[in-house]
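Please read the structure below before turning to the comments.
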Amino acid sequence: MDNRHLNLTLFNGQHIPVIGLGTWQCTADEVKEAVNAALEAGYRHIDTAYLYQNEAAIGQVIHEWINSGKLKRQELFITTKLPFTGNKPEKVEHFLKLSLENLKLDYVDLYLIQFPIGFRGEDDHDLFPRDANGKLLLDFDSNTLTLWKAMESQVDAGRAKAIGLSNFNSHQIERIVQTSRIKPANLQVEMHAYFQQKRLRTYCKKHGIIVCAYGPLGSKGRVDFSARCGVPKPQVADVLDDPVVAEIANAHSKTSAQVLLRHLIQLNVVVIPKSATQSRIRENYDVFDFVLTENEMEKLSQLDKNNRTFIFDEFDGVPDHPEYPFIIPY
């Protein structure tokens with residue numbers, strides 16, 4: 001088995017590659033090298049966000065590849081996201097147009113609402129707005145249903161082929177599904193061997209929503225990132241060091257990272273591991289020449305600890321917001 005361009009099919013017939021490059025925490029220079037390395041390795045799915053502030057660098061690389069004739073636009077799957085400060089219907093088109101300008105594209109393949117809670121920014125650059133006392137300015141008037149209608153308009157206008165959600169719980173998704181004209185095509189959430197989101201995956205399957213896993217390797221890079229930013233060290237999932245994963249990896253002459261990614265892919269979950277290291281970018285993509293057995297899949301399934309680590313509590317006041325998504329199990 002060597003399906004190097006294995007895809008899943010969104011409800012609208014679009015094909016989304018099962019593995020993409022995550023770019024959170026990448027600087028402009030890092031992301032240029034990472035995207036070049038990823039495209040060379042065979043990746044055709046790149047995940048970014050306006051909030052990451054690296055879209056322009058990604059756009060430069062994509063532009064160079066397309067202009068040189070090495071790639072056609074239709075061979076790529078590009079995902080970006082509405083920032084927290086864009087969670088108003090009147091801001092959706094504005095922020096998507098900014099992203100398209102940065103990415104040097106006429107459309108994105110997938111546009112996501114990044115979080116169900118909005119922030120009250122003063123301008124396009126005020127991404128984490130605070131008052132005079134340093135308190136984060138949360139938006140308590142955001143309405144995800146009217147916000148979703150503005151997302152649907154981006155599909156109508158041809159600026160996004162598909163739209164979806166990130167970090168929403170099943171109740172929040174259900175409200176949108178019940179009132180939508182164009183349903184969510186994708187849900188992007190934290191998922192790894194210690195947090196397998198089984199009930200949320202079942203819910204999404206019922207509605208034909210493809211799930212994408214961020215942090216599929218536990219996102220250890222957040223520790224160094226937090227230290228650089230001067231914020232408290234986050235909890236991370238040590239899935240890469242799990243002995244069960246190591247044993248399975250040894251049996252296939254693969255790395256633990258490759259086994260963890262393969263596990264999710266065989267669950268029909270899209271994975272977007274982030275790395276700025278070229279060797280790891282190549283390694284993460286080299287997961288199509290082996291298959292985990294039923295017994296191995298069961299062993300990995302039993303590792304689930306319901307260990308959510310992305311809880312957004314670094315943003316003061318967010319866990320107390322009425323739309324905070326993680327107050328229910330899924």
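Glycine is treated like the rest: Cβ placed from N, Cα and C.
Curation plays no part in TrEMBL annotations; they are all automatic predictions.
According to TrEMBL, the domain 'NADP-dependent oxidoreductase' annotation covers 19-304. The active site, proton donor annotation in TrEMBL covers Y52. Annotated site 'Lowers pKa of active site Tyr' per TrEMBL: K81, in sequence order.
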Next on the checklist: So if I draw a 10 Å sphere around the Cβ of K81 (site 'Lowers pKa of active site Tyr'), how many other Cβ atoms end up inside it?
Outcome noted: 26
Checklist entry - Other than its own, how many Cβ atoms are within 10 Å of the Cβ belonging to the residue listed as 'active site, proton donor'? => result 21
Next on the checklist: Quick check for the class: what is the C-alpha distance, in angstrom and rounded, between Y52 (active site, proton donor) and K81 (site 'Lowers pKa of active site Tyr')?
Outcome noted: 9
Checklist entry - Per-residue pLDDT averaged over the domain 'NADP-dependent oxidoreductase' (19-304) comes to what? => result 95
